[in-house]
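Peer 1: A single structure is presented below for examination.
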Amino acid sequence: MRQSVFWNRVNRVLLYLGIAVLFILVVFPFYWMIVTSLQPQDAVFSVPPQLWPKHMTFQNYIDAWNSAPWLRYFGNTLFVAVAATLISLATSSLAAFAFACIDFRGKEVLFNLVLSVMMIPAATTLIPNFLIIRTLGWYDKFYALIIPFAASVFGIFLLRQYFMSMPKELWEAAQIDGASRLRYFRSIALPLAKPAIVTIAINSFLGSWTSFLWPTVMTQSQNKQLIEVALNAFLGEKGQQWSQLAAASVFTTIPIVILFFFVQRQFIEGIGGGGIKG
């Protein structure tokens, strides 16, 4: 009995140590970014390293903000991310509902084909997609940054699982009340799938907000640049000004952190849940 209690305590200590190590590995880079942004340039590589600035300054934030039209970049990124997210939610929810609740020939084959897209590395489709965008005349336009993100295979899969887990009695009761499939989808299925919808929305929004390679290829003019592309250009302009680079990284990260704090509960429910628990 005592041996069992001892090993339970050992396992608990090891678990807490593992969580602590993981927490440090994840959080410390962000902490160091903030510390660097608050230090004068000549203190960044001081030995020993300063875990907290001895001479704190916010001048790096002022200089970094005044060095580029960040409001324009934030506006561009917000517009693209919101538009892509809304379109992705519409397409994903409709496709998922069809795969989950409507019987048609070849449904399983088509669904497996959709899932197989997740196995294809995005880099392999970069050139074909670029040629399509050029042919459509969308190069250096917001269309090129929104339409390719207007469908989410992950979203289709997650919502399909939610819709399939809903009791069939809900649809039968809706039929008795004279509801069509579209009415059932809009009034019953979608509200019950809210955790999954929030998860897909966050995933899509973050994907657009942090996208770098595709916007770099598809935009040329400065007034179309997104945050990540602008941050990379800022890196090239500032070179060794690490404090200003850290400051720019901090204020471009803040909107995402704030968003996650507001919706983290729904995000976790959407990832961990399987739909309606009967």
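Along the chain as shown, the residues are counted starting at 1.
Each residue, glycine too, has its Cβ placed from N, Cα and C.
From TrEMBL, for reference:
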type	residues	note
DOMAIN	74-263	domain 'ABC transmembrane type-1'
TRANSMEM	12-34	transmembrane segment
TRANSMEM	78-102	transmembrane segment
TRANSMEM	109-130	transmembrane segment
TRANSMEM	142-163	transmembrane segment
TRANSMEM	184-206	transmembrane segment
TRANSMEM	242-263	transmembrane segment
Peer 1: Given pairs 6 or more apart, does the transmembrane segment (184-206) have at least three Cβ pairs under 8 Å with the transmembrane segment (78-102)?
Peer 2: yes
Peer 1: Could you tell me whether the transmembrane segment (242-263) and the transmembrane segment (12-34) have 3+ CB pairs under 8 A, leaving out pairs under 6 positions apart?
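Peer 2: In this chain the transmembrane segment (12-34) contacts the transmembrane segment (242-263) - 3 or more Cβ pairs sit under 8 Å.
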